[in-house]
Amino acid sequence: MIRLPFRDGYYEVRPTKIIALAKNYAEHAREMGSEPPEEPVIFLKPPSALIGPNSVIVLPRRSKRVDHEVELAVIIGKRAKNVPAEKAFDYILGYTILLDITARDLQAEARKKGYPWTVSKGFDTFAPIGPRIVDKRELDPSDLEIGLKVNGKVRQLGRTSEMIFKIPELIEYISSIMTLEPGDIIATGTPPGVGPLRHGDKIEAWVEGIGVLEEEVIAEDSILC
């Protein structure tokens, strides 16, 4: 169970689903070899991929290239279906940081074959979250610095104002397709600079006004008995 500080207590992170955005920062779309999309590109990550702050990301043996992606995450506060953009903030509980860890080689292989690429996003430990949840009333998410360091060196740096599709648009779009339940998480996309992780790496990911999410990285082979 993951419990994150929230208001004067703690919040149990128990989503029915994690909805993530692909290519929601134009420069990231281009570094992936694509043009910015004309409508949101969404995919799902399993809740079983979640881990809390100061935990361990495990690099699976099946992948030779695992990348980091830092994202501003939205926590849904109440049931949402067909929500218009102008009312979207009424359905938000708060904000946190989520790392969309990705097995890039498996993703590329799936894309080449025309397959869905859930395999690249769904490994255990591939959705670190934290370090806390900030009440929506305490943070304007429209223009925040977002970044990530590996071993003290900056890899990713951007601002949430660079999102192609803003949070209200995302909630309107997603809730027109599927019902959002309390606790569901929307990971809003990543700025450019994604890159590989290796055994022993230390990650510091931040979003202005939320804090720093710290994780360590180990190879699966190093923990097998």
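Note that Cβ sites are derived from N, Cα and C of the backbone, with glycine treated the same way.
The divalent metal cation binding site feature in Swiss-Prot is assigned to Glu69, Glu71, Asp100. For Glu71 (divalent metal cation binding site), applying a Cβ distance below 8 Å and a minimum sequence separation of six or more within one chain yields Ala20, Leu21, Ile97, Leu98, Leu99, Asp100, Ile146, Ala187, Thr188, Gly189, Thr190.
Glu69 (divalent metal cation binding site) has a Cβ environment of 24 other Cβ atoms inside 10 Å.
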